[in-house]
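Asker: Just dropping this structure here.
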């Protein structure tokens, strides 16, 4: 008997298809989200400035006041080595070296010096005004000087101060006053000399048991010289102690002394207030402009954050400790696997992007008898671009509050306060850094979810148009039950697909496909049964043949019992 096996081959012919997908490119930009790290995206925006120009620049067109080798005290008192600072124009900020050489040439101290520096962070210009002319002290010698402040080997003194000493053998009570009619607050500085011993006291002032008294409407200060033997500094065993006050408009300051007074010749009218600061750096001014200055260099940026230096002056981004703050603006960048082809590459429409679609974020790929191609969905892409652009700009605008962070000065008696201040500032900085990083993580999560939602919406838009005229094939694609030429494809893309036009054709093709599926099931069942029976029969014949052969050669004894 001859058995003929009939092998049926079914060739599956794919119908016209349209897929929804999104753009992909060669970008290696990575962002972090709340749930993921190092997510590759097609587009991103860095909002953390990391660079500076390494220069000191004019701030908004106004140069800084460079003190050079002089300190704040040397400038205001008039150290002879600081003569170039006797008259200074408006400044944007003050540049002081870390350890300037020319401060108090005559050794001593400056009371409330750190508070004075803090005052200077709110001032951008002083007008120097003569308040107690040197020639008014007719009963005293006003040419006092010291070799500690020598110029060209000759004794000298602070240019803005007058050291009153005895005239002949007399030092009558010295009195002077100034009425502030300038219309602005006036910075007034004075001093008291503490001699090394009684001999020096009598040599300079004749009197012993002297005092220096200063009074305003809010100040009443009386100081007594402290005569003591001290180590010599700059060749001097004596010390000078300087104090200052802000004299209000129409207020009067009165000086009275029986000896040891360092009287002011000039006061400093606060002629212009503004945001300033003291920049501690060894750099010098260069020919450049900026809106934000740090000790390391100028920052020119519109970004809301920077990590260059915590101390800044001008319109500056907020300093954070972060190394990276990147906002996602594009989509997840997962290019399709080219070797697998378009329709085999995408397991889901948010699992693989199309590098071939370059004119939009979201769009379509179609395949029909006329060919295949990509087409971006311009409307959804533009809405997404506008939405994300507005969001990024809003984030930058909200966080781009301009800050100035100038260093605070503390004297040796305030170290505990300084340490507490540093801890507080570090705490605030940690909070700002955390807020910035959390903001970026949350916005990136929302942006990527936004893109996924837009692709899903586009998919649903197509699905609702096609209804049962096409089937979903589970990869972001639809296979039509009817022929769909380029005009038909375009109608699907622009939302004008005519469902009734293709309904009858789709219905017929859909029924035929169902019939083929049923007949296929019958054939498969018959083949399965036949294969089982044939296999069993073959096994039985094989066993019988082996048994017969073994019986014939004596290897197997066969007994037939009746």
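Placed from the backbone N, Cα and C atoms, the Cβ positions cover glycine too.
According to Swiss-Prot, the protein has these features:
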CARBOHYD  25  N-linked glycosylation site
CARBOHYD  26  N-linked glycosylation site
CARBOHYD  38  N-linked glycosylation site
CARBOHYD  179  N-linked glycosylation site
CARBOHYD  180  N-linked glycosylation site
CARBOHYD  300  N-linked glycosylation site
CARBOHYD  494  N-linked glycosylation site
LIPID     551  S-palmitoyl cysteine
LIPID     558  S-palmitoyl cysteine
LIPID     561  S-palmitoyl cysteine
TOPO_DOM  16-525  topological domain 'Extracellular'
TOPO_DOM  547-562  topological domain 'Cytoplasmic'
TRANSMEM  526-546  transmembrane segment
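Any idea what these are sitting next to in the structure?
Answerer: In the three-state DSSP classification, residue 25 (N-linked glycosylation site) falls within coil. The Cβ of residue 25 (N-linked glycosylation site) has 18 other Cβ atoms within 10 Å, all protein chains considered.
In sequence order, 30, 31, 32 are the residues near residue 38 (N-linked glycosylation site), counting only same-chain partners six or more apart with C-beta under 8 A.
Long-range C-beta contacts of residue 179 (N-linked glycosylation site), restricted to its own chain and to partners at least six residues apart, with a cutoff below 8 Å, comprise 250, 251, 252.
For residue 180 (N-linked glycosylation site), other Cβ atoms within 10 Å of its Cβ number 22.
Around residue 300 (N-linked glycosylation site), taking its Cβ as the centre, 14 other Cβ atoms fall within 10 Å, counting all chains.
For residue 494 (N-linked glycosylation site), the Cβ neighbour count at a 10 Å cut-off comes to 12, with all displayed protein chains included. For the recorded site, residue 494 (N-linked glycosylation site), the DSSP three-state label reads helix.
A mean pLDDT of 56 is what the model gives for the topological domain 'Cytoplasmic' (547-562).
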Asker: Across all chains shown, how many C-beta atoms besides its own are within 10 angstroms of the C-beta of residue 26 (N-linked glycosylation site)?
Answerer: 8
Asker: Roughly how many Å separate the Cα of residue 494 (N-linked glycosylation site) from that of residue 180 (N-linked glycosylation site), to the nearest whole number?
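Answerer: Distance between the two Cα atoms comes out at 79 Å.
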Asker: In whole Å, how far is residue 300 (N-linked glycosylation site) from residue 25 (N-linked glycosylation site) when you measure between their Cα atoms?
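Answerer: Cα-Cα distance, residue 25 (N-linked glycosylation site) to residue 300 (N-linked glycosylation site): 31 Å.
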Asker: In angstrom units, rounded to an integer, how far apart are the Cα atoms of residue 26 (N-linked glycosylation site) and residue 300 (N-linked glycosylation site)?
Answerer: 30
Asker: Could you find out if DSSP has residue 38 (N-linked glycosylation site) as helix, strand or coil?
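Answerer: Going by the DSSP assignment, residue 38 (N-linked glycosylation site) belongs to neither helix nor strand, so it counts as coil.
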